[in-house]
Amino acid sequence: MYTFVISSSGMNPFGMFRIAMRRARKNVTRQQQNPRLVSEYLKQKYYSEHVFNENAFNEGLTDYANSQYYGSITIGTPPQTFKVLFDTGSSNLWVPCEQCPLTNMACTNHQKFDCGSSSTCHETSRAFSIKYGTGSVSGQVLNDVVCFDNPESGYCTNTSQGFACAINEPGATFVYAKFDGIMGLAWDSISVDKIPSPMVQIFANKQICNQPIFAFWLSRDPNSPEEQGGEMTLCDIDTNHYQGELTWIPLIATDYWRIQLGSVSIGGQILENSVGISAILDTGTSLLAGPTADVRKILQLLGTDITSDGEGDYTINCMDISSLPSVAFNIGGKDFVLLPQDYIVQLDMDTCLLGFSAIDIPKPNGPLWILGDIFIGKYYTVFDHGNKRIGLAQSTNY
């Protein structure tokens, strides 16, 4: 498997900002891919347990990051550089804070923001706590200028941009993460204290941004060089990264990037429980996650021997991949098909992991399907903020 690293960027005269993604090789263990751990992470993420002015218990996070999409931003004057994970399944920007204690290894291992060293930083009286997995990131809200890549790019907010400066980061996930913090790209309605993402200010600046839009293209070629891992574009679409026409699907809510799901089918058989529920496009999720009833039916219909560890981890012999059926997500009246090689994760020469995780999210957020990097890797995905819609087309990887 791979870790995707946003490493460089460039701007063309038409206002499209390109962020190139480097793909670095990464060993994948069953623990990292364990769908039980994925499920626990996603339950917390989609229960939206975000609180303000409350001390949060510092406990371990679920480590399910198999693919991490991150790139450089700067905060402050003079600029302080941070690597942030771009996550369409959350809405807040946070980075570690200089006040983080030395006993907190996650802070010690990463770049920390020093408000006192920035002439444009303004402290607020607001505390925050953002829950990820089974632990919470907590600290103080600050205001300062935030730039994509670096100030020379021109893609910067003004000094009123709010963000979270983390003093407590729980668990091993952030200790070993290659990114310093997280930049959420979902909607303000699920943001802690409704703090707008820096993306909102970028979209409002018509001198640099023609369209309030961003898109992800992820290379699926295992033999491609590291520097050709993919690309995220801001303010426009790169037509070289997809085939045919985009299918546009309106959002049914402006919380997550949530759309209506027609159905899910496997080998042509529709899963009854999937009809008419919602789906979320999430770059912060590596697998495909759906209601337990649907995932169990998929396992039943695969038609091959499946090994379970009893904790939600399902594997097959890699020699059986060619005999597996396809899985189709009907969205906007069109089937978006995943072949077996698309939804299988190879752990070693003989063992392959099924890229499905069971998760039961209660109302009002659920039930739902979460379409992570397995889906986004095959289908070029456009997040149209201005028109409140998602665009999908087959990636040029295929």
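Along the chain as shown, the residues are counted starting at 1.
Backbone N, Cα and C define each Cβ position, glycine as well.
Fair warning: this is a prediction, and the values are worked out from it, not measured in the lab.
Taken from TrEMBL, the feature active site applies to D87 (among others). In the three-state DSSP scheme, D87 (active site) is classed as strand.
The Cβ of D282 (active site) has 25 other Cβ atoms within 10 Å, all protein chains considered. The active site annotation in TrEMBL covers D282 (among others).
Annotation source TrEMBL lists disulfide bond at C100-C107. The number of other CB atoms found within 10 A of the CB of C100 (disulfide bond), across every protein chain shown, is 21.
Annotation source TrEMBL lists domain 'Peptidase A1' at 69-393.
Geometry remark: D282 (active site) versus C100 (disulfide bond), CA distance 29 Å.
When the alpha carbons of D87 (active site) and C100 (disulfide bond) are compared, the span between them is 23 angstrom.
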